[in-house]
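Let me begin by presenting the structure, written as C-alpha cells, before commenting on it.
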Amino acid sequence: MRALWIVAVLLVGVEGSLVEFETLMMKIAGRSGISYYSSYGCYCGAGGQGWPQDASDRCCFEHDCCYAKLTGCDPTTDVYTYRQEDGEIVCGEDDPCGTQICECDKAAAICFRNSMDTYDYKYLQFSPENCQGESQPC
C-alpha cells in the first residue's frame, strides 16, 4: 500500500497522457510502466538511439515511432479519454489528438503484455553507452 501511495504522489506532477498511459499499462499489461519501463533498454524512457535490445525495448521503439507520426499533438500534455467495453479498451473519439495518442498508448500496452516473457532485468537502468550507433528507422 505504501508503494502505491508513493507512485500516486510521484504522478501528481505528471501532466497529460503520461498519467493515462500508466493507467492503460496497468489495465492491459497488468504492470506499471513507470516501474518496469521508465529506464529500460535503449528506447524505454527519455530519448532513444541504437537498436532495441529485446521485444520489450522494441515496444518502446514502436511507441516512440507512433508518437513521432502525430502532427499537432503533444503526447506529454494532451489528455485523452477511453472506456472499457467487453474487456477491450476503446479510445474516446472526442478529440482527434487524444484519440491518436490513446491508440499509440494502447498499442504499446498490448505490445508490453505480449512481450512480458522477454523482459530481462539486465536491461533495467541500461546505460546509454550501450546504445550507440545509428538508430533503426521507424
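Placed from the backbone N, Cα and C atoms, the Cβ positions cover glycine too.
Keep in mind it's a predicted model, so treat the numbers as computed, not measured.
In Swiss-Prot, the entry for pyrrolidone carboxylic acid among GLN100, GLN125 corresponds to GLN125. Per Swiss-Prot, CYS44 makes its disulfide bond with CYS60 among CYS60, CYS65, CYS66. Of the candidates GLN49, GLN84, Swiss-Prot marks one as pyrrolidone carboxylic acid, and that one is GLN84. In the disulfide annotation of Swiss-Prot, CYS102 is paired with CYS91 out of the candidates CYS91, CYS97, CYS111, CYS131. Taking each of the disulfide-bonded residues CYS44, CYS60, CYS138 in turn and counting other Cβ atoms within 10 Å of its Cβ gives the largest count for CYS44.
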